[in-house]
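These come from TrEMBL:
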| type | residues | note |
| --- | --- | --- |
| DOMAIN | B:3-40 | domain 'Phosphoribosylformylglycinamidine synthase linker' |
| ACT_SITE | B:36 | active site |
| BINDING | B:39, B:80, B:468, B:505 | ATP binding site |
| DOMAIN | B:64-177 | domain 'PurM-like N-terminal' |
| BINDING | B:82 | Mg(2+) 1 binding site |
| BINDING | B:83, B:84, B:85, B:86, B:105, B:225, B:508 | substrate binding site |
| ACT_SITE | B:84 | active site, proton acceptor |
| BINDING | B:106, B:251 | Mg(2+) 2 binding site |
| DOMAIN | B:190-334 | domain 'PurM-like C-terminal' |
| DOMAIN | B:414-531 | domain 'PurM-like N-terminal' |
| DOMAIN | B:578-676 | domain 'PurM-like C-terminal' |
């Protein structure tokens, strides 16, 4: 699939995401936010980083860009949209996904490898992925919150779990409601998550040699 | 604003000019002649460092920029280390953050893409102020490094009361560039246009001169620069994009525009029209524009026909870019403001301050022996020392995974390892040792180079280049200056021994506490190396413990001696033993004989077994098997060099190989499931040590 990796000023992960997408056979183009033509792509990934410095609030400035209106159109057309970390924050800030991402409970930036459990199979991203995925997080504002706990549970796609697969408080690195690490929209074509699948796509750099991130990204290779 | 020029220096200026300089000119001379920019007290000695070698692509010119070495397939590695000690003492968050920004711009000014950062932090007592310093230094580094997407892959966090008032914040950066695309920092022809990107503000006024004197306790906040990593990220991305279209790149660091223009002109002249400089505040005075050290600015020398192409890239993102002057043939640096001359000085005068060699004298060290200490007490005190605890609290605040190239991550080994664009593995490590340096800075200079060399060997790498950073008190104090000279001599000797070129470095003097006492001498080296065959990447695990190297009764200048007083003698660094033992460890890794290895350094053998114990293993040691001394304290805590602890299933292989090489090796015990430390059948409870290891920083901070 021809896939756009959308770069805002301050985006830091576009090269990593492109590298991982190439591995699954996607036709990747890194596109500047002000030169983004959605009609050229079957899917778009919004990578991590600090778009526009994350001044005001993480993702807010980017969320109000013309580029994100185009991403919304793509989402409405049923095209694949994936937001990773800052990309997730931008999707939430632009109301393409529901909820909010608040500062981590310990108020610090956290880098750590975590395990997440796939809670739903009704999205193209997860329909035949492994049960639990091992990926790193690296964020300051990753505490997912939504007023409506029932709705949050329905949207919840990935959940932080411990080694035995349980969503314990200890397994929750940032204080997210229901241990939520990522969600999707109702249609399942738009996904946002805090862990970085692209950083879990190369066996040389993962602590146990796994490449679980590819499980999520492989959909762009089709 | 305070000037740091001496009466003698002012006389030289007046004599050369044959007139009294105006205020702006004094500030210009002050910035360029500051210790920070000119190395006037150190240059003479730095020449002894070996800076050439078959793999050196570019060595430092006058020790002002980053050096580069060949790493194969047409790629060069650019590396550099710098500190932001003074700014961090006053505003730890911005001081540390701008330290990261500054070093990144040094790397991109060579046209290289930064791929990894290391941070080496030294602070004092963890009282209220100490905690404030640590928290803000760490979050400042994270704030900048994370925002620009360069992983902090390793470093040190170390505590010593000598740094109570004057913390040391060292940041090193490496970058990669195609060998044929390296951009110089100096020009060779006149007629090139000077192009400045970024806004100039009021921050960092006189920062270079401020860094070149002791902290006064007066209002110095104006000398600290404010960090804007978002602008920094834009600058990194765009500078690398335009690098092919520019003739020279220089970042604006200490001394601001004054220093950048003068150094870039490199003996040629320059005319700068200050009214063309994009300002953050409209009312900046011309002389403030000259010396402001606002971050996130770069200076390019550009062929006239390319100016528009370069600037349009920046303007597209609303980033200021302006042509502010040009390189002239006449060797004079001229700053004009709306046609009026603000300052006009000969390039030669600015670039060549009178060098000084201060009186030097060795300080007599007291030789008193310490009180006898129970082994148990010593074990607990050393193994629970903050220097040896888990630093996860700190490194988890850094985005060390960005770049998808961090192979050995923080906390996982004695060196960090990152993957280069050509697929080779690069090992990185920085080391300093203020305990040994305060006893004997010559031995210490040798020891820190040897330690980084050993650290690299534990991941299977051999050093290819190093950069140093020399941090001392006031050079006018004979005892301080003596230590400085001796440290350079030691570093020089060791790097020559290992054939590792010193491709860059920095000097930071005037590190003192409020009473004017110098910090313990703290030279620091950062070494880069390449993994030659297999990568040594094991987790602590069960097996036989083999100790390589001879343990001598040399407890002076160790962590033990800081806690309990001197004992034994000062370690004499035997570089040949380091070389041979390192060679054996690398060979062991390549032949799959090493399950886990650690070099012996801080905390000695006790420090080396700590990672095994906290990872759920019992360590049983037969002290009689440790060769070289009968003193049990020396056996456990000596930090003498040339030694490694190896966990292996084939101890005989190591004994045989060591014999062939002519170094000592002995099987000193075993590691197996459990959590005890057993020395000669006497068991030491390690519960407290283990919980302290994991919880100390989290609880204290």
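Using N, Cα and C of the backbone, Cβ positions are placed for all residues, glycine too.
All features noted in TrEMBL, drawn onto the structure.
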| residue | record | CB count, 10 Å |
| --- | --- | --- |
| B:39 | ATP binding site | 22 |
| B:82 | Mg(2+) 1 binding site | 24 |
| B:83 | substrate binding site | 29 |
| B:84 | substrate binding site | 32 |
| B:85 | substrate binding site | 24 |
| B:86 | substrate binding site | 25 |
| B:105 | substrate binding site | 24 |
| B:225 | substrate binding site | 29 |
| B:251 | Mg(2+) 2 binding site | 23 |
| B:508 | substrate binding site | 24 |
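Annotation: stretch B:64-177 has the most Cβ pairs under 8 Å to the domain 'PurM-like C-terminal' (B:190-334), among B:3-40, B:64-177, B:414-531. Counting in whole angstrom, residue B:508 (substrate binding site) lies 7 from the residue listed as 'active site' by their C-alpha atoms. Remark: of the recorded positions B:36, B:80, the most isolated position is B:36 (fewest other Cβ atoms within 10 Å of its Cβ). Taking every pair among B:39, B:80, B:468, B:505, the residues listed as contacting ATP, the largest Cα to Cα separation comes to 16 Å. Proximity to residue B:106 (Mg(2+) 2 binding site), judged by a C-alpha distance within 10 Å, picks out B:80 from the binding-site residues B:80, B:86, B:225. Here the binding-site residues are B:106, B:468, and the one ringed by the most other CB atoms within 10 angstroms is B:468. Of all the recorded positions in the record (B:36, B:82, B:251, B:505), the one with the smallest CA separation from residue B:105 (substrate binding site) is B:251. For residue B:505 (ATP binding site), the number of other Cβ atoms no farther than 10 Å from its own Cβ, over all displayed protein chains, is 27. Here substrate is bound by B:83, B:84, B:85, B:86, B:105, B:225, B:508 per the record. The longest Cα to Cα distance in that group is 19 Å. Under DSSP, residues within the domain 'PurM-like N-terminal' (B:64-177) fall into helix, strand and coil as 47 helix, 44 strand, 23 coil.
In this structure, the C-alpha atom of residue B:83 (substrate binding site) lies 11 angstrom from that of residue B:468 (ATP binding site).
The average per-residue pLDDT of the prediction over the domain 'PurM-like C-terminal' (B:190-334) is 88, rounded to a whole number. Residue counts of the domain 'PurM-like C-terminal' (B:190-334) by helix, strand and coil are 56 helix, 34 strand, 55 coil (DSSP-based). DSSP classifies residue B:39 (ATP binding site) as coil under the three-state reduction. If you take the Cα of residue B:86 (substrate binding site) and the Cα of residue B:36 (active site), they are about 11 angstrom apart, rounded to a whole number. For the pair formed by residue B:84 (substrate binding site) and residue B:505 (ATP binding site), distance between Cα atoms is given as 14 Å, rounded to the nearest Å.
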